Amino acid sequence: MNKNKIVLAYSGGLDTSVAIAWLKKDFDVIAVCMDVGEGKDLQFIHEKALKIGAIESYVIDVKEEFAEAFVLPALQAHAFYEQKYPLVSALSRPLISKKLVDIAHECGATYIAHGCTGKGNDQVRFEIAIAALDPTIEVIAPVRDWHWSREEEIAFAKENGVPIPADLDNPYSVDQNLWGRANECGVLENPWNQAPEEAYDMTVSPEEAPDRPEYIDITFEAGVPIALNGKVLSLANLIIELNQIAGAHGIGRIDHVENRLVGIKSREIYECPGAITLLAAHKEIEDLTFVREVSHFKPILENELSNLIYNGLWYNPATQAILSYLKETQKVVNGIAKVKLYKGHVQVVARQSDNSLYDENLATYTSADSFDQEAAIGFIKLWGLPTQVNAQVNKKGVV
């Protein structure tokens, strides 16, 4: 009897490995793993999926697409959820969903499965994205639906010949891509516990970072970082290199108690050395090149966009409309930011741009000053006129 095909988002971990063994009883399982920049060799995942029982197994390198189509808009939007979290995991989910749907179409599959639990954000992100891309596809979430304990999963794995991951005793749950690393669980679940050094991987402790600062130049063209210290790189490779450089100085550690979409609070440890450095540099070039009105209005949309992405609404029309506006603003974001990295701190210490709106002759207090100070008298009178009229009408007799 021919089975229906199901495309599984496969990580190689216990949950999705057990899912293959479970699903293959009723489906032909097609395992798909996306390389979004974990920095690991994922070939073993391809072989493991086939060994467990998948009929096909894909490992797809999507680092460049992830950087260009998802990370870049977030960088240009200065996207921080709750002003702290640069949306590390949230940014990869719409791309992973898109690839799952594409492969489902290619293989004639009408089902997609993921390994998310029922209390996280990712189940929402995957299922809403898949529904937006193809509402006819049915999504199955084995881990959420089983209600199995960890012990029951391990027992099932042993009974069915599923390899047990070597790091099963690791107390942490980690997700990593180009844009950073997210870590939760274990001792981190108590917000009073300081995160131990073992919870970090991409960054050195700021106390152990070099005693001398390092200066780097980041070049932007139409809002896109195109070169690091004068060396032109693809966006993905620039981020990878910057992760190494900034991570060595303890840059990008974030300890955040955040409000999850599903209604609970979660304590997360993030490491985003490249992201935090790029975000600081990009903001400074914007400050140099934007007119005041764009500088003041853009953050309103940035905050709304951050919430939309975090909440799994990348493919919502509101998200796409905001992204279109933000892309339009980037035409003038050209220049070089000189960044100082020192013991966990990022500081842009110099910047230049051919589109700079900073006029030194207008800003100076020296004899080279070209600002017409006499014009200020009339400006103040007109600017303050509504306030003056209000006082004359409504504050009579007020001391």
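Glycine is no exception: its Cβ is also placed from the backbone N, Cα and C atoms.
On a predicted model such as this, the values are computed, not experimentally measured, just so you know.
Site annotation (Swiss-Prot): ATP is bound by Ala9, Tyr10, Ser11, Gly12, Gly13, Leu14, Asp15, Thr16, Ser17, and the candidate from Gly115, Gly118, Gly120, Gly161 recorded at this site is Gly115. Cα of Thr117 (L-aspartate binding site) to Cα of Arg125 (L-citrulline binding site): a distance of 12 Å. For Tyr85 (L-citrulline binding site), the same-chain residues 6+ apart in sequence whose C-beta sits under 8 angstroms from its C-beta are Ile254, His256, Glu258, Glu268, Tyr270, Tyr310. Counting only same-chain residues six or more apart in sequence, the Cβ atoms lying under 8 angstroms from the Cβ of Asp15 (ATP binding site) belong to Gly115, Pro142, Val143, Glu153. Close to the recorded L-aspartate site, the chain also has Cys116, Lys119, Gly120, Gln123, Val124, Arg125, Val262: residues not among Thr117, Asn121, Asp122 whose Cβ is within 8 Å of the site's Cβ mean position. The shortest Cα-Cα distance from Arg125 (L-citrulline binding site) to any of the binding-site residues (Ala9, Ser11, Gly13, Ser17) is found for Ala9.
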